[in-house]
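Q: Structure provided below as structure tokens; questions to follow.
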Protein chains: 2
Amino acid sequence: MIRRLFTTMTKKAKAQEFILKTPKGTKDWADKDMIIRESIFGKLSTLFQKHGGVTIDTPVFELREILTGKYGEDSKLIYNLEDQGGELTSLRYDLTVPFARFVACNNLSSIKRYHIAKVYRRDQPAMTKGRMREFYQCDFDIAGTFDLMVPDSEILNILCEGLDELEIKDYKVKLNHRKILDGIFQACGVPDEDVRKVSSAIDKLDKSPWEAVRKEILEKGQSEETADKIWTFVQHSGSIRQVIEILKKSGIDNATAQQGIQEMEVLADYVEAFDIQDRLSFDLSLARGLDYYTGLIYEAVTAASAPPKNASELKKEAKSEDEDASAYVGVGSIAAGGRYDNLVGMFSNNKSIPCVGISFGVERLFSIIKQRTDLSKLNSQHTDVYVMAFGGGDGWNGFLKERMQVANQLWKAGINAEFLYKAKANTRKQFDGAEKSGAKLAVILGKEEYPEGKVRVKKLGQGEENEGDLISVDEMVSFVKLQL
Amino acid sequence: MIRRLFTTMTKKAKAQEFILKTPKGTKDWADKDMIIRESIFGKLSTLFQKHGGVTIDTPVFELREILTGKYGEDSKLIYNLEDQGGELTSLRYDLTVPFARFVACNNLSSIKRYHIAKVYRRDQPAMTKGRMREFYQCDFDIAGTFDLMVPDSEILNILCEGLDELEIKDYKVKLNHRKILDGIFQACGVPDEDVRKVSSAIDKLDKSPWEAVRKEILEKGQSEETADKIWTFVQHSGSIRQVIEILKKSGIDNATAQQGIQEMEVLADYVEAFDIQDRLSFDLSLARGLDYYTGLIYEAVTAASAPPKNASELKKEAKSEDEDASAYVGVGSIAAGGRYDNLVGMFSNNKSIPCVGISFGVERLFSIIKQRTDLSKLNSQHTDVYVMAFGGGDGWNGFLKERMQVANQLWKAGINAEFLYKAKANTRKQFDGAEKSGAKLAVILGKEEYPEGKVRVKKLGQGEENEGDLISVDEMVSFVKLQL
């Protein structure tokens, strides 16, 4: 990141110092990064439309009370707007709560919607790993009352299709079910009011060893017996059918868990119909932080999600103010989601609309994709033709107006064209401009040729010898179109 | 707008009341409105790329000091983020200041960039006229040191091309030059420190009669003589060459104004090369509010920009809290911009980069375009195929897994497909789902036919008699592709 310290003079000649940069945890996007990111957006939009999705756009800030009580411990990361008189508002923390508010506001009974937009979290940024305070999410959600696990399995299919489409290698989709998890906790003796905090301790098992998590569970007021019982469950992962088998053999006698197990059995059938069972891992330690999930939950991870081997050393060395120690725990999940059947109901007195969805983490996917991309092959400009004039000597005016007229003819025909913004431009500067623009063709107005109604059309990047074709101005547009 | 008052129960059973809506001056975008808006974005992006533009993305908030002192009287409309510890930040007010900050930050000497994004102003919203607190701008700017008026005239050409492309009828592009305007004020006896406030009074001449504006000028401390002298200038408008003639005849003896007049003479030549002179009106009363303009300024207006005839009556009747009286002054300009040569320099000690740009007001263009659009012809879903199962009787399971498999085959082949999320779905409900999705084809799995490896492909919307073609499952994808 480029930072510069400036001293500007105000009207009263009082020195004002400031650092020229974007706010902490945010960045500018430009050039080749934009091409890569737009390509991710394009692929995911096409995927979402393929599954019947329609897009919506909600305001970047919501009434503060809409966001209150939806995010558990993470609520402290919500950005508030200043109270400048009027309503209290906050920047959106995700796209899910605004979606639920949208469904309730518009009294919808069903919708498949996608939304690609920025969300805001006042977290400690870890920019190099793709964790930012302002970042994009690409969400697809299905709202409506349907048969058990049918939209859920399609969402899992979309998750796999999306990662395949983006050519993410060796990813794994971890699954769990909130009802099974809650049932396990209940069966192990965790009081209802402690379930969410034990759950958030368990969620750390992907980064921390059991001993550390066990300690946290004890600190959160649970007995050693409860903790150890929990471990007999949460250590298991495998195919959906394998883990169902383990749960059944465990003889867990809890109605909530039983309901979750039944749902997972139905899911096992459907993911086989979609032929994605091999990408899935039923992992009883997956908990997910957000309060609003009520059923199936999932997150996709890759090798890049894991912490590097020397993470603890890097942690000690971390000093930069922009990158805290958590920069060294890997990028985390690249996509995640779940079922949330009660969220719309929190905004609506008369009815609740069940929902299930997936959110792709664009910045994390971007980091992976950029690493494997040959940047030299990307050009952020789309220019096809560069209009030039060649001449010289006394009375030569550089044909600026003539270049404007020719460029205008090309534009009117829908052809991407540029010219050098100088009246008298030498040949070298014009070729430099053409090269920078990435143009494939030059249209050249010669001092003698153009007054006779002719221009040269020359393919660029083929050496100086190639003089190009001499074409009448009337035929220029059709000739250029043929060449492109 | 839909508003509902809710009472939700918190954990402590304390009633919490809130209104279910988006914040004042913001709205959700969905359905057909999104199609229209995305089409505007698509057309303008294509246009900007045609002229060599590359796109960038900057954070939605900036360090507060970046925005300070750039917007004149309107600075009070800036949205601040709450001070939650750390940097002081504000939502961007436009895309121009962030662009200048970007150019300075990255030490660029030239760039043509476009940026389509939301900006924020704590103004009194007038939603029905397209004036919002959160709204989109589509900006194209050229930064760099080039020959006089060359990029300026291309920007005017882009403005006209954009409005033509969006099929906006009867628009007019008003032009003026800050140096001419400032020179006139100086020549009429306005002290330098009062120039900007007299300028902002003059800017109201499109909505208010001279008498009202004259009163404001007197209130701002100018003499009657000064006001009346100003009127001898600002009442003039016409072609660039006509108004240059008037200015020359006026014998105005002011170096700043002379420089502006010379630049306008150069411009007159170039806009003729681009053949857009007939869309332009040199209007000496155009002032534009923003502080940062230094040269040519312009705004495009249409019939819809003007206030309705009964504006003053409507004003008196205005009562709704969301719509203040200014709802009745027309949508205002649909695109505007100008030259700002000193803005980048405010962020950079060593050099200033001259810039010129145009901003299209999307919400205002949207209002005009939506009004003339046949909404019945738009479908926000992109579904092409609806997968159904027909059957019934004992042991009929509804072929849900089979429909999933077939839909998956279509998705894998890149075909947009949906099916009903019910295990046992009757024919009527499936056809209803297909109709709602806008699908062109149905792929039908018959109870007897499908187990024999065959499906029916039926064109939708052609009556019940048409039974469709019986195709083997292996040939389904290629057959469907042919039909679409």
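Using N, Cα and C of the backbone, Cβ positions are placed for all residues, glycine too.
Annotations in TrEMBL come from automatic prediction, not curation.
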Q: Please identify which of B:Arg121, B:Arg122, B:Arg279 is recorded by TrEMBL as part of the L-histidine site containing B:Asp94, B:Leu95, B:Thr96, B:Gln137, B:Asp141, B:Arg288, B:Tyr292, B:Tyr293.
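A: It is B:Arg121, as the record lists it for that site.
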Q: Give the three-state DSSP assignment (helix, strand or coil) for B:Gln137 (L-histidine binding site).
A: strand
Q: Other Cβ atoms within 10 Å is the metric here; tell me which of the binding-site residues B:Thr96, B:Gln137 scores highest.
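A: Per the Cβ count within 10 Å, the most buried is B:Thr96.
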Q: Residue counts in helix (H, G, I), strand (E, B) and coil for the domain 'Anticodon-binding' (B:385-481), per DSSP?
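A: Going by DSSP assignments, the domain 'Anticodon-binding' (B:385-481) contains 36 helix, 25 strand, 36 coil.
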Q: For B:Arg288 (L-histidine binding site), write down the residues of its own chain that are at least 6 apart in sequence and whose Cβ falls under 8 Å from its Cβ; none is a fine answer.
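A: Expected: B:Asn176, B:Asp203, B:Ile297, B:Glu299, B:Ala336, B:Gly338.
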Q: By a 10 A CB contact count over all chains shown, which of the binding-site residues listed here is most packed: B:Asp94, B:Tyr293?
A: B:Tyr293
Q: Calculate the per-residue pLDDT averaged over the domain 'Anticodon-binding' (B:385-481) and state the result as an integer.
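A: That stretch averages a pLDDT of 94.
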